[in-house]
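Quick look at what Swiss-Prot annotates:
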BINDING   G71, T74  Na(+) binding site
TRANSMEM  3-23  transmembrane segment
TRANSMEM  35-55  transmembrane segment
TRANSMEM  64-84  transmembrane segment
TRANSMEM  92-112  transmembrane segment
Amino acid sequence: MQYVYIFIGGALGALLRYLISFLNTDGGFPIGTLIANLTGAFVMGLLTALTIAFFSNHPTLKKAITTGFLGALTTFSTFQLELIHMFDHQQFITLLLYAVTSYVFGILLCYVGIKLGGGLS
């Protein structure tokens, strides 16, 4: 049954990721991918902290959210492809800004999620 929940979570995450991708513009800053990945980092941190208090009795739900929903929502491969595209088009400042923003804020938001979740549990 766990596979079914992961499948459902994945379908919902993929759908949301698809809808967010419309925020990306041709040749512009990939804001949709950035939003999806930073949101995923925050929620993963939050759920990590909340696992002990709220998900210990519901491991299947946690897997549905983390592996299914967040796994489909976030997209490391698209992020890498966008960086290569920027490199190929000599958009070096945008590439650097996107990479640093994604990594630094991803780590920061995951940390904030962990701290916030720890305060709630």
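Glycine is treated like the rest: Cβ placed from N, Cα and C.
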Among the ranges 3-23, 35-55, 64-84, the one whose Cβ pairs under 8 Å to the transmembrane segment (92-112) are most numerous: 35-55
Within-chain partners of the transmembrane segment (35-55) [C-beta distance under 8 Å, separation at least 6 from its ends]: 16-17, 20-21, 23, 61-62, 65-66, 70, 73-76, 79, 102, 105-107, 109-118, 120-121
Per DSSP, three-state class assigned to T74 (Na(+) binding site): coil
